[in-house]
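Step one of this worksheet: look at the structure below.
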Ligand code: AMP
Ligand code: ZN
């Protein structure tokens, strides 16, 4: 086996993975803010974290993965003057925050399942940790924070090397942040936001700094430290978090660890910080407000299986930007279908040992690819090489495919090809009607009644269904 090396955003280099606790891997992933549906760009962050987790398991580490759910504290912009996203949405919808949170958390979990993302050991819900957040803030307040009318602020000049994670020129990053009057440094951030006098928030708690709510950065420091123990191994998120959210978490972690006698060099809470690049639309960065809202359900409504999107993610390295297009998604679906067709031949084969002379180089190529900072595009080709290998003991082949698919998560053995064909929501005709016309057409062709066969094909075409005779992939129809 090759040594697992991962790109650490903190040191900006590839590093061999060295667990803090022998044989274990503890990973924290910043989860969604549940004020709206996640878009597929957000889901790329969780496909990446899932592949990381699966790779650590495959490498033999006992994985403890935590993903949080942010149901309080995330403001509408990076300025501390913004509104809480959850409060804002609840007000717009005239619903309680708890209902909003429940609805969108469930929608997010449905996407997690559809993308075959493994359940983490724990989903940590921010509002369950408010007392711990207050304790954390209390322990660092004297040395690292100051109070203003609007809240308790973290003074970034009290920790060494603030912002070393951020890539964007820090000055530029800071100037973007609207300054709250009285802040000592532009980059200082609220760790407790007081409810303004005379106002009542749906979510507020008593604290030594008055009634209010925790800051977003505080919650991730507290949940990751509480559940995984400082220092833990790997912290993940999208590259936007590398600029503000994670530098602020690191500053808090440094303050907490120093104050509480956790004497660790360059203490950042986690040893390795990993960031996935963005999924972008041709028009630029994806946003929930631009054009069609690209959420997983939209892909499904258009007839694309959700795992085609997983395939699309795997086809790119997680540190590369990935451009979304419907053609690209179609190509990923076709590729997945080819793999499933090859796997079908092994459907009744019992897995033997994942060892075979002919498959050894492919296994090695796969292991090397995943070990080199999760190079999934190359790993996919190794899997395809195994699927198409000739004159190989099927039980060994099955075992190797199972092993590789355990890392990539494409469900090659628990899905049938037919499952990939989803009738688009807009199609006027039901699946059983299509099947019925196709069966009649097959009979007409068997009877050499080509006029009838053509008429049936035209009937389907008129209803938006294109019949695909002789398609090597075995698709019998698609939406025209
Ligand atoms: P949020 O709910 O906004 O905190 O985002 C959830 C996760 O999605 C975070 O890890 C973000 O960094 C990540 N993210 C946001 N937009 C994209 C995108 N277009 N592509 C990939 N990841 C993204
Ligand atoms: Zn976070």
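Including glycine, each Cβ sits where the backbone N, Cα and C put it.
Around residue 30 (Zn(2+) binding site), taking its Cβ as the centre, 23 other Cβ atoms fall within 10 Å, counting all chains. If you look up TrEMBL, you'll see 30, 220, 245, 249 marked as Zn(2+) binding site.
Taken from TrEMBL, the feature ATP binding site applies to 288.
Per TrEMBL, the feature domain 'Cysteinyl-tRNA synthetase class Ia DALR' maps to 365-420.
For the motif ''HIGH' region' (32-42), the residues of the chain that approach it from at least six positions outside its boundaries are 69-71, 74, 85-86, 88-89, 100-101, 104-105, 107-108, 111, 216, 238, 278-280, 286, 288, 293-297, 299, 309, 324, judged by C-beta separation under 8 angstroms. Feature annotation from TrEMBL assigns motif ''HIGH' region' to 32-42.
Residues or ranges marked as motif ''KMSKS' region' by TrEMBL: 285-289.
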Suppose you look only at the motif ''HIGH' region' (32-42); what would the mean pLDDT be?
94
An 8 Å radius from the center of the 30, 220, 245, 249 Cβ atoms defines the neighbourhood of the Zn(2+) site; name the other residues of that chain inside it, in order.
216, 217, 219, 221, 235, 237, 241, 246, 248
Give me the count of other Cβ atoms within 10 A of the Cβ belonging to residue 249 (Zn(2+) binding site).
29
